[in-house]
Amino acid sequence: MHPLLFLAGLCLGVASAAPQLYQSLDARWSQWKATHGKLYGMDEVWRRAVWERNMKMIEQHNREHSQGKHTFTMAMNAFGDMTNEEFRQVMNGLKIQKRKKWKVFQAPFFVEIPSSVDWREKGYVTPVKDQGYCLCCWAFSATGALEGQMFRKTGKLVSLSEQNLVDCSQTEGNEGYSGGLIDDAFQYVKDNGGLDSEESYPYHAQGDSCKYRPENSVANVTDYWDIPSKENELMITLAAVGPISAAIDASLDTFRFYKEGIYYDPSCSSEDVDHGVLVVGYGADGTETENKKYWIIKNSWGTDWGMDGYIKMAKDRDNHCGIASLASFPTV
């Protein structure tokens with residue numbers, strides 16, 4: 001074939017492929033907006049550009065996963081039109097400070113440690129919730145641990161009110177929908193003498209005046225305990241007492257768009273944590289020598305995120321993402 005004919009054919013092929021590519025992106029963009037109820041004004045061009053960059057990043061990661069370079073996959077979700085900075089500003093609301101001198105839990109030596117634990121199977125865990133665009137992760141982490149301890153005591157699983165914590169725990173140091181600390185949430189319930197149910201005091205993803213009503217209280221805290229910042233201590237305590245509140249680094253895009261598999265990203269910090277979650281179990285895929293051990297983490301970003309709202313996070317890999325750095329639980 002003549003070289004000029006070959007080049008002409010190549011150019012024609014590229015030109016014809018480009019409209020198909022953009023048509024495909026147009027369809028996916030429209031479908032994504034419809035799925036997540038997104039409506040834009042003047043900023044749609046910018047949001048579309050951000051979404052496309054995130055989509056390309058996700059697809060590149062998944063190609064590398066298929067080549068064995070990663071242990072987890074990613075997927076587009078409701079956060080796709082946000083930059084990383086925007087996402088962190090509206091979703092990761094844990095206010096970090098030096099740990100107060102509180103009681104440190106010493107796990108009993110006589111506890112038999114099973115090879116795997118999943119407190120969901122024992123009835124300790126309420127369905128996955130959605131914090132919305134509110135810096136309220138700390139409240140969801142705290143209610144999750146308290147829900148588990150109340151179930152352990154009473155045999156009844158009752159969903160507790162995050163809104164009660166968001167609206168009422170400022171005296172203990174929290175900042176409502178602008179962020180807070182898990183231990184300060186426990187301190188509020190202890191000081192207040194109770195916490196209302198989710199049914200009586202529903203969540204609406206923004207701050208309001210305190211509307212706590214003692215007659216609707218269904219939980220109390222007698223004390224709370226910090227766990228030494230070691231994964232083995234976290235494992236022993238989790239197996240012994242039930243779901244544990246924890247703080248992690250959730251700032252990376254790989255976490256934001258996590259879909260399934262064991263989450264391990266070398267860039268995830270073990271010290272700079274910014275998001276409250278609930279540890280509900282641990283286990284392993286395959287043999288423990290293959291770096292396939294994981295923590296089972298309940299998030300508060302709805303069931304469309306991750307594995308129906310959960311994530312498997314790498315376990316025993318140098319406190320990956322800070323999973324053991326700020327773990328605690330209440331007693332009731």
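Cβ coordinates come from backbone N, Cα and C, glycine included.
Annotation comment: Swiss-Prot describes Cys137, His275, Asn299 as active site, evidence class similarity to another entry. The Zn(2+) 1 binding site annotation in Swiss-Prot covers Glu121, and the record cites similarity to another entry as its basis. Residues or ranges marked as Zn(2+) 2 binding site by Swiss-Prot on the basis of similarity to another entry: Glu162, Glu198. Annotation comment: Swiss-Prot describes Asp183, Asp226 as Zn(2+) 3 binding site. Taken from Swiss-Prot, the feature Zn(2+) 4 binding site applies to Asp208. Feature annotation from Swiss-Prot assigns Zn(2+) 5 binding site to Asp249. The Zn(2+) 6 binding site annotation in Swiss-Prot covers Asp272 and is backed by similarity to another entry. Residues or ranges marked as Zn(2+) 7 binding site by Swiss-Prot: Asp274. Per Swiss-Prot, the feature disulfide bond maps to Cys168-Cys210; the stated evidence is similarity to another entry. Residues or ranges marked as N-linked glycosylation site in Swiss-Prot (evidence: sequence analysis): Asn220. Feature annotation from Swiss-Prot assigns signal peptide to 1-17; the stated evidence is similarity to another entry.
Known features from Swiss-Prot, placed on the structure.
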| residue | record | DSSP (3 states) |
| --- | --- | --- |
| Glu121 | Zn(2+) 1 binding site | helix |
| Glu162 | Zn(2+) 2 binding site | helix |
| Glu198 | Zn(2+) 2 binding site | coil |
| Asp208 | Zn(2+) 4 binding site | coil |
| Asn220 | N-linked glycosylation site | coil |
| Asp226 | Zn(2+) 3 binding site | strand |
| Asp249 | Zn(2+) 5 binding site | coil |
| Asp272 | Zn(2+) 6 binding site | coil |
| Asn299 | active site | coil |
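When the Cα atoms are compared, Cys168 (disulfide bond) and Asp183 (Zn(2+) 3 binding site) turn out to be 14 Å apart. Comparing the Cα of His275 (active site) with the Cα of every entry in Glu162, Glu198, Asp208, Asn299, these being the recorded positions, the smallest distance points to Asn299. When the recorded positions Cys137, Glu198, Cys210, Asp249, Asp272 are compared by Cα distance to Asp183 (Zn(2+) 3 binding site), the shortest distance belongs to Cys137. In sequence order, Val128, Val277, Trp305, Gly306, Gly309, Tyr310, Ile311 make up the list of same-chain residues 6 or more apart from Asn299 (active site) whose Cβ falls under 8 Å from its Cβ. Between the residue listed as 'Zn(2+) 5 binding site' and Glu162 (Zn(2+) 2 binding site), the C-alpha separation comes to 21 Å. Counting Cβ atoms from all protein chains shown, His275 (active site) has 25 others lying within 10 Å of its own Cβ. Taking a C-beta cut-off of under 8 angstroms and a sequence separation of 6 or more, Asn220 (N-linked glycosylation site) has the following same-chain neighbours: Val189, Lys190, Gly193, Gly194, Leu195, Val332. Calculated from their C-alpha atoms, the gap between Asp208 (Zn(2+) 4 binding site) and Cys137 (active site) amounts to 17 Å.
Taking Cα separation as the measure, Asp272 (Zn(2+) 6 binding site) is nearest to Asp226 of the recorded positions Glu162, Cys210, Asp226. Each of the recorded positions Cys137, Cys168, Cys210 was scored by other CB atoms within 10 A of its CB, and the lowest score goes to Cys210. For the pair Glu121 (Zn(2+) 1 binding site) and Asp274 (Zn(2+) 7 binding site), the Cα-Cα distance reads 28 Å. DSSP assigns Cys137 (active site) to a helix in the three-state reduction. Here the C-alpha separation of Cys137 (active site) and Asp274 (Zn(2+) 7 binding site) works out to 9 Å.
Long-range Cβ contacts of Glu198 (Zn(2+) 2 binding site) within its own chain (separation 6+, distance under 8 Å): Val158, Ser159, Leu160, Ser161, Glu162.
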